[in-house]
Amino acid sequence: MAANKGMAIGIDLGTTYSCVGVFQHGKVEIIANDQGNRTTPSYVAFTDTERLIGDAAKNQVAMNPQNTVFDAKRLIGRKFNDPVVQSDMKLWPFQVINEAGKPKVLVSYKGEKKAFYPEEISSMVLTKMKETAEAFLGHSVTNAVITVPAYFNDSQRQATKDAGVIAGLNVLRIINEPTAAAIAYGLDKGSHGERHVLIFDLGGGTFDVSILTIDDGIFEVKATAGDTHLGGEDFDNRLVSHFVEEFKRKHKKDISQNKRAVRRLRTACERAKRTLSSSTQANLEIDSLYEGIDFYTSITRARFEELCADLFRGTLEPVEKSLRDAKMDKAKIHDIVLVGGSTRIPKVQKLLQDYFNGRDLNKSINPDEAVAYGAAVQAAILMGDKSEKVQDLLLLDVAPLSLGLETAGGVMTVLIKRNSTIPTKQTQIFTTYSDNQPGVLIQVYEGERAMTRDNNLLGRFDLTGIPPAPRGVPQIEVTFDIDANGILNVTAMDKSTGKANKITITNDKGRLSKEEIERMVQEAERYKAEDEGQREKIAAKNALESYAFNMKSAVGDEGLKDKISESDKKKILDKCSEVLSWLEANQLAEKEEFDHKRKELENMCNPIITKLYQSGCTGPTCAPGYTPGRAATGPTIEEVD
């Protein structure tokens, strides 16, 4: 792979998970790994045959706990006799030894004992992140910005830099995680004068609160506080204990000593916890958990909040401490930024918001990606990316939801995709659905769902006075234009007459709040699979209807009068009418039924059309390879490919 000199990546090297991003084509891309995950476990495992990094390592931890290393970030840059190392050692299933005052991890690899420095373990994770980026970019990458907690001392920073070097990276800079998060939100741009930012970072294994002041692009850390042992894993532990007790009650058996059962339960608990951030209840189904007993149960969000109540409430203490240390009143904080996957928990957000008297929280960037996002921006700036996008990137806003209009069948046709930087302008050509249709109704929606009924209607207007023409002939040009203030102008123009109409939608009227946007985006993810099926179903229905209409009009064509026998013509027309009336009665049929009907119709029509073609027919139906085109179902307008 040839290296691309001008490209640099940003890496968030986390205690439990890591994340990598790159700035290209005017925006930051957070890069998914080979498993399709945008965050990668900071785990390295050694077996008799191989070394595993990331998801593969974490997935086998139950079978191989002594040789699966994680939490290297808790060791890096520390001495063996450091109290932190001594207390953490008691909790790890792997062995840590003392070599000349430095800690090393002892594992069995390919049948022999091997000791690794924390820098080496971290470098393996960094290598994985580097390879993830290279697979995405298609060329090798050496330049990187790596993030560390604000409280890391010089030796921890240097050790992290060394880990980068071991991984074959040229570390452009080590930057603080809270600074990266602030850069991601562009908080260093825009306002003149000093800004105070509180970064609330609740990750998988650690909790950090930082207060930064940003003045003219200069970042200063005023205070840090937190708990190096509070995070998502602690919430998982509470769930595990709860279910171990439940299993005891239901089945009179204690599973807590069975490592594999506990590990499987923990994995299910982590999944349930994530579900509870978007749903009020989660189900656990674990087959043959212990002694052949299936464990099927559920937990509500309220119960989860009760189990972790003291931990959640405890997150406010470091917030108060950091404000005291910074000698700052909470009213003086301009921005509150959420970082770390655990800040998705609604109760955590509510406690923080209530503490700051209902202030808005910055959470539009995925909280587990915000640090890598900022690191990627910083990397581009350090590489001298002079594009206006980098210089102004942090001034630019984005469209929080996709914007589009309703086309035939109630389908949402998107013109401006979610997270497009604004200002932006997109144009697409649409057409009429019925013959001699005098006008079209343009209905503007925002949302991520495939069907407009599930999205939010922003406004509608009519474009009238379209000259009579067959369906599909008029060309209606629709333009969506969002200016820098987020104001949307939608214009529709009939290209034949130049007649146009427009609507202006300002962002305060009928737009969704940040919370609703968050909720819709989460819902959309959940529904994406359903939507895909729905989209395929409508495409199949459209294809069938289109084929039937086109065959009908083709055999009714004056030019074909003498070329086709009345019986063939009747056969086609009858079959088309039968299909169209079946369609009327079966709007909600499955994709397979629509496809089956279309094949049936094609099998009947194709021999007749072929016969026509062989008899020297001319006209649209008779062009070689003719297949009636795709049209749409339903009311108003139809998309032209």
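In case you wondered, yes, glycine gets a Cβ from its N, Cα and C as well.
For 14-17, Lys73, 204-206, 270-277, 341-344, the entry in Swiss-Prot reads ATP binding site, with the evidence type similarity to another entry. As annotated by Swiss-Prot, region 'Nucleotide-binding domain (NBD)' applies to 3-388, with the evidence given as similarity to another entry. The feature region 'Substrate-binding domain (SBD)' is assigned by Swiss-Prot to 396-511, with similarity to another entry given as support.
Features per Swiss-Prot, on structure.
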residue: Gly14; record: ATP binding site; DSSP class: coil
residue: Gly205; record: ATP binding site; DSSP class: coil
residue: Arg271; record: ATP binding site; DSSP class: helix
residue: Ser277; record: ATP binding site; DSSP class: coil
residue: Thr343; record: ATP binding site; DSSP class: helix
For the region 'Substrate-binding domain (SBD)' (396-511), residues assigned helix / strand / coil by DSSP: 3 helix, 60 strand, 53 coil
Cβ neighbours of Ser277 (ATP binding site) where a neighbour is any other Cβ within 10 Å: 19
Residue, out of the binding-site residues Gly14, Gly205, whose Cβ gathers the largest set of other Cβ atoms within 10 Å: Gly14
Among Arg274, Thr343, the one of these binding-site residues whose Cβ has the fewest neighbouring Cβ atoms within 10 Å: Arg274
Residue among the binding-site residues Tyr17, Arg271 whose Cβ has the most other Cβ atoms within 10 Å: Tyr17
Reported mean pLDDT - the region 'Substrate-binding domain (SBD)' (396-511): 81
